[in-house]
């Protein structure tokens, strides 16, 4: 057996299962026959025991890190204009600096960190980030790009350390780091003001921390064990605090933890008290700590964004009352609704707005030619309605009449204040939504017919309960048809001023489309109270913000002329994404993975499934493996299995998502596939080398194979680097373009 390559293969074997330490654990982890075979094979000292090897690891780590930072910070200032989603996340960073409230479908940590980076680097938050292509001019954008590039650069040393810990192989760690260093896609994502490098930083940090605390399993409850376990929890909070897809790394760590605890439970050398301590430690560090940090992120978010802004309309009226500058902030209005009150009624579904009417009529052929009723996102006098009794024209504001509160179950009329027409419905079909009934404004000076009567209901309340402004969730049931007032959310044509359709739905199921609350409330006969007493508590606004984000994510649809993709496109690098520029005179940046890296990763996943299955079947059938081969098998099955699980968890859930998807969603999974590629090819080359008789030839086969992969990856990066660093001149379709010969797929549009 060639000692130069295979002498340490038995030593490459992963540590015994977590929670088992000492001779008993070693005997439990390795079958007796394998132990004998391993004893007969040549071994070298455990990795890291020789100072020269440890020094080599640190030197390589330094070189890998230096190359990562060099590639990510090279030409970071180019192009000096807004690229792709910088228009969103740069703008949101500005909102934090200006303390202006906004809405986004992602949790706040990533945008907060971008805003903090901009603030610390001297950016004043005044750039508008209106659209891609807007030049930054004198505004300092480099701090925010530099922060994202810094985190993107750290992905490479994290991958190096993770693979080194899983495989105990320097070539495998170096190959994994090279694949990520020379990937044009990872490079592009790291150079702009985006959430992706921040998300991937926390995902990789969580993975590295998990692997590190697994390696401390023979020293439970030691200082390093607590450090890495706690750091794993911190990174999990960071990942889910940037994007909800951070849940996938939480599932990964959760699976590892459950497996860990199950094996500890089966270790009869441990008392149940000790197992209970292990369980408690993981609950504290991997559940309680991340939840506390995640909640703290939102506490900071709400504290910083205290000024009214463009996100107000997505949230409830009670939520808006918190925001300085909002019309509801520090306002005083009557608390309970009474007949004669002038009110505005707001729909609880996100981005629907206020019940609204105006003097324009529905056009011919669109139901009855009566006054239009819509919803409108902005505050307007045409949002005002007077709440009146069912069958009386007497003025309830007359001082001689006592105050009569509106209660759950009362029959009312809503009269539009500006036009004196009643809210009305009938059996005519709604303008856009079939099987729903049309809602109109009808009557003269408040006089109409029986189709103007509505029963007001408070959700989950008893008959007779009064209706509280801001807080009560109400529905309007049409008395004649039995339908429920709601908004479909569909945009009306130009004749409806592109406002949103209001209908009366015969389907009585409670949905946010048909639930409203009273916001503005004017009644001179009632005492005013400060809205401060009606403001929601922190748990309420935390829950509301998550409901709004979830609805926002589910409602994401492709925009006109926007490039979207399908999950099956991603691993094969089928289609990229334009970051900047379209024409040959533009500075063009195109998000596309390095083809050699991506196709090698795809091949590696297939090879891993094949080789891993063969080895697993052989082990299960009791096949006798030499000690060095068993060491490699354990590296492949355990270390590679962890990475394959990470890839699968970060990829396959996208097939179940109904929202719009983009190419960049695959990059967290790509990190795991690149690390798997490093372990797989190093292991396969070592196995090939073990079959050779000559020690020198075996060493040359192994190192030659690794070097070929490194050089091939670097050369592919040299060919495709203009995609990341920018291109000017003829498009790839032009034979004169330097990129003409590199358009290997018709779907690559650079």
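Even glycines carry a Cβ here, placed using N, Cα and C.
Because TrEMBL annotations are produced automatically, they should be read as predictions rather than curated entries.
Under the heading compositional bias 'Low complexity', TrEMBL lists 25-39.
According to TrEMBL, the domain 'MIR' annotation covers 334-390 (among others).
Confidence across the domain 'MIR' (403-459), taken as the mean pLDDT and rounded to a whole number, stands at 91. The domain 'MIR' feature in TrEMBL is assigned to 403-459 (among others).
Per TrEMBL, domain 'MIR' is recorded for 464-521 (among others).
The region 'Disordered' annotation in TrEMBL covers 1-50.
Marked as transmembrane segment by TrEMBL: 142-163 (among others).
Tertiary neighbourhood of the transmembrane segment (194-213): same-chain residues 84-86, 89, 106, 109-111, 113-114, 148-149, 151-152, 154-155, 158-159, 161-162, 165-166, 224-225, 228-229, 231-232, 235-236, 238-239, 241-243, 245-246, 249, 252-253, 256, 642, 646, 650, 664, 667-668, 671-672, selected by CB-CB distance under 8 Å and a gap of 6+ residues from either end. Residues or ranges marked as transmembrane segment by TrEMBL: 194-213 (among others).
TrEMBL lists 225-258 (among others) with the feature transmembrane segment.
Beyond the transmembrane segment (279-300), the same-chain residues lying 6 or more positions past its ends with a Cβ under 8 Å from any Cβ of the stretch are 107-109, 112, 221, 226, 229-230, 232-234, 236-238, 240-241, 250, 253-254, 257, 260-261, 538, 542, 545. Under the heading transmembrane segment, TrEMBL lists 279-300 (among others).
Feature annotation from TrEMBL assigns transmembrane segment to 596-619 (among others). With a cut-off of 8 Å between Cβ atoms, the residues of this chain six or more beyond the transmembrane segment (596-619) that come close are 179, 182-183, 185, 571-573, 625, 633, 636-637, 640-641, 644, 647, 670, 673-674, 676-677, 680-681, 684, 709, 712-713, 716.
Positions annotated as transmembrane segment by TrEMBL: 631-654 (among others). Within the chain, the transmembrane segment (631-654) has long-range Cβ neighbours (under 8 A, six or more residues past its boundaries) at 9-14, 38, 163, 166-169, 203, 207, 211, 245, 248-249, 251-252, 255-256, 567, 570-571, 605, 608-609, 611-612, 615-616, 619, 625, 661, 665-666, 668-669, 671-673, 675-676, 679-680, 683, 686-687.
The transmembrane segment annotation in TrEMBL covers 666-689 (among others).
The transmembrane segment annotation in TrEMBL covers 701-720 (among others).
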DSSP on the domain 'MIR' (334-390): how many residues come out helix, how many strand, how many coil? 3 helix, 28 strand, 26 coil
Residues in the domain 'MIR' (403-459) grouped by DSSP into helix, strand and remaining coil: 3 helix, 29 strand, 25 coil
